């Protein structure tokens, strides 16, 4: 089965985890940014999981270097453009890029300038390629609560202009949703859609709380609902889409192997599963690679993929017009 030629949708892709290594090197040289190595083969080890990784926290260390080159308008625009260029080459028709604006203020940019720069890169790529992109703003759980309010408030002016949703990301502690009730309440009032990283690092109950306390419409990862019957039941009853990222889950030790990953069990049981990359560079993956691995190790069929694709269309925060266009590509999903 040629997965490369199939139309695809990406709902969970971090901008700072999906840079070209050549671009990191190019910007570092241009802007005099120190790197541990200026040799591409050596640098890859600092930004990608090449062999083993023991935890989500270790995985997140791979973002340190990419963020060093994402501190100017020009660089942010370029990196956003290149991400859409890369996924368009993988026949991705629609992507929701997510990033945390406050990771990009080191050289004095304000939140509005940061968001504008990324949106400019997305829009420039849309003009050149058969792809549509939207932006999800991330609030970092390892920063204070006022910082989350700041992102929500300052990003609101871009809703309807490319920004579609708010997210909570970074390391996952038990019962984190309780801290963010007022933040997400405000986000909902502004008109943001809501997706929350939860159930990625061993705490299925966080998914339950993300839905009940934060009004999450989608869940990033959600793999650990397999160990929380109440969360599983709620996700199924409310038809909450899961943005699953199998290779990333292997890297963070949320799953031992592709075969052991619960996505197929969830899919067969009617859970609205979608397949995503999480971080193309950190996990050294593409949507095509994800599908090839799931086909090889889990028996993913073309009919399964049709369901996954339509799940992603429905789960997306795209406009109704864009969704209709995306649905029209279903006829191209053939073995």
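Yeah, the Cβs are placed from backbone N, Cα and C, and that goes for glycine too.
Summarising the annotation, Swiss-Prot assigns active site, proton donor to 200. A coil conformation is recorded for residue 200 (active site, proton donor) in the three-state DSSP classification, outside any helix or strand. Cβ neighbours within 10 Å of residue 200 (active site, proton donor), excluding its own Cβ and spanning all shown chains: 24.
If you draw a 10 Å sphere around the CB of residue 12 (Zn(2+) binding site), it holds 27 other CB atoms from the protein chains shown. Residues or ranges marked as Zn(2+) binding site by Swiss-Prot: 12, 14, 197, 278.
Residues or ranges marked as substrate binding site by Swiss-Prot on the basis of sequence analysis: 14, 16. The DSSP secondary structure for residue 16 (substrate binding site) is helix.
Within the same chain, residues at least 6 positions away in sequence whose Cβ sits under 8 Å from that of residue 221 (site 'Important for catalytic activity') are 12, 197, 198, 199, 200, 242, 243, 244, 245, 248, 249, 254. The site 'Important for catalytic activity' annotation in Swiss-Prot covers 221 and rests on sequence analysis.
Fewest other C-beta atoms within 10 Å: among the binding-site residues 16, 278, that description fits 16. Residues 12, 14, 197, 278 make up the record's Zn(2+) site, and a Cβ search at 8 Å around their centroid adds 13, 17, 98, 169, 220, 221, 243, 245, 248, 276, 279 from the same chain. Taking a C-beta cut-off of under 8 angstroms and a sequence separation of 6 or more, residue 14 (Zn(2+) binding site) has the following same-chain neighbours: 63, 97, 98, 99, 138, 169, 278, 279.
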